[in-house]
Amino acid sequence: MPDYRSKTSTHGRNMAGARALWRATGMKDDDFKKPIIAIANSFTQFVPGHVHLKDLGQLVAREIERAGGVAKEFNTIAVDDGIAMGHDGMLYSLPSREIIADSVEYMVNAHCADAIVCISNCDKITPGMLMAALRLNIPVIFVSGGPMEAGKTKLASHGLDLVDAMVIAADSSASDEKVAEYERSACPTCGSCSGMFTANSMNCLVEALGLALPGNGSTLATHSDREQLFLQAGRTIVELCKRYYGENDESVLPRNIANFKAFENAMTLDIAMGGSTNTILHLLAAAQEAEIDFDLRDIDRLSRHVPQLCKVAPNIQKYHMEDVHRAGGIFSILGSLARGGLLHTDLPTVHSKSIAEGIAKWDITQTDDEAVHTFFKAGPAGIPTQTAFSQSTRWDTLDDDRENGCIRSVEHAYSQEGGLAVLYGNIALDGCVVKTAGVDESIHVFEGRAKIYESQDSSVRGILADEVKEGDIVIIRYEGPKGGPGMQEMLYPTSYLKSKGLGKACALLTDGRFSGGTSGLSIGHASPEAAAGGAIGLVQDGDKVLIDIPNRSINLLISDEELAARRVEQDKKGWKPVEKRPRKVTTALKAYALLATSADKGAVRNKAMLDGL
């Protein structure tokens, strides 16, 4: 049987000093016989997705202690991508993922914790904690803060979210009053932004990986049902500890749950629900921490045969996360995929012996359990609040329409092409990604003129100054992990293209990335990035570029000889922006840039460089 890791600091005469310090935290004699379970919380008043988490760590802690464990809570940082968007603050967002992963490792290993409960929610926090969990490979369970309710206003016929507020603000025809109304209505409650943006996508994928309870990705932050997820997480982590440390059951370890097939399941779900392209970046990073050989080619392979079964904002205005929950949440999407033969159902989870068992219990179209049906009727109250579990509103009915509802069957898919695609070509030899769920079919094949910008800031100025015309392909480069540094999100450029009426008339290509709120022909993660010698750095104004989503290709329409000649010239100049950007790159950001890999590797640290130290 494996010993508790915590015995390192709690047992033996020589650990008297450490035990004295543990006692100073409130531990008693009997506690030294129990597993010490770390609670990695991410409460902060800066982020609406985390503002309600302050007391939830102790809610879990009390349940852990009732179940026979010792709970010790600590906090990680959390960056709000929406607030950091459009200025130098966005340089820090992706690097914060590595800081979060490291901070969890530091706390858990420094104090020899036996297991972890990860209380996450927003864009980089769930991925960072996931990376740490797979790196540490001790019992873990995730429980997120949950999505916010969609916004409501008399001026719009659909639910609102952050992106609506950004688009209307850039629309010169909109009155100040209308902009203010959208601003005040778009984000009414605590929780992660209400569409299938990065935060909600990742919380859903953690369910598919098997590391979270059903409902983790879709139960509203404000709903009282979410409290049960936190309580159950506390009980479950103690049970996982007993199985591993008491019964030598290694099947409960995160690397044995989130194995290669589980990563395929998670990516299959992502493609089926049209999730954020950022999820690709984060799954690739997490796979490396788990030492799993899961890469962009696997994602490309899956994207070619997985249909789109769910369409949610920003891909469609009709549905938000509250509607996904009403339709049965993630296990109903997994159920549709399983019945279509597209899912590995024999894999364990933290709550069921197998995915198949979980689907049988939690898919609303497969179970008659009234408690499950009641759970998925949890809905929005429409009352602005920053308080968790503050309302108990329920829909009168479920959305179990698999022909025309929010979630579809494989036979009635929104499209037989999934919601994400990987493109390759001479402009992105190692690949780039596009969220096809948000691209109008009329522009799945698009040939246009390159309009070059060497920073997000200059592209925004150019778009707002009407420099971009119909038929242009806006290229924003030197915004990758190294070149930014930090691989900024390009939500403002894509939102402003929409506000200018160019959403279906232009494309955008970047070695940066996109917010989960992005839609339109927006292609990111071009690899290698410009700063690493990628061909995106060789494109010139006016060059023709051909994007062909059906054939998964993207090419600069010049000869190989011309491309090679340009590379020779660029090598002489150096791979950096032509003009010096007014951007303060601190020591912290330089350290990230020094080790960062391109997006096709998940923008993680270059371990080969570190192994040589």
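Any Cβ shown, glycine's included, is placed from N, Cα and C.
Record features (Swiss-Prot):
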| type | residues | note |
| --- | --- | --- |
| ACT_SITE | S515 | active site, proton acceptor |
| BINDING | D81, D123, K124, E489 | Mg(2+) binding site |
| BINDING | C122, C193 | [2Fe-2S] cluster binding site |
| MOD_RES | K124 | N6-carboxylysine |
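Residues V79, A84, M90, S93, L94, C122, T198, A199, N278, S515 surround the recorded Mg(2+) site, their Cβ atoms falling within 8 Å of the Cβ centroid of D81, D123, K124, E489, which are themselves excluded. Across the fold, the C-alpha of D123 (Mg(2+) binding site) and the C-alpha of C193 ([2Fe-2S] cluster binding site) stand 10 Å from each other.
Closest in space to S515 (active site, proton acceptor), of the binding-site residues given as D81, C122, K124, C193, is D81, taking the CA atom of each residue. In the three-state DSSP classification, D81 (Mg(2+) binding site) falls within a helix.
Taking Cβ-Cβ distances under 8 Å and a sequence separation of 6 or more, the neighbours of C122 ([2Fe-2S] cluster binding site) in its chain are S42, V47, G49, H50, A78, V79, D80, D81, G145, S192, T198, A199. Between the binding-site residues D123, K124, the minimum number of other C-beta atoms within 10 Å of a residue's C-beta occurs at K124. The secondary structure of C193 ([2Fe-2S] cluster binding site), as reduced to three states from DSSP, is coil rather than helix or strand. Long-range Cβ neighbours of E489 (Mg(2+) binding site) (same chain, at least 6 residues apart, Cβ-Cβ under 8 Å): D81, M85, M90, S93, N278, G512, R513, F514, S515, T518.
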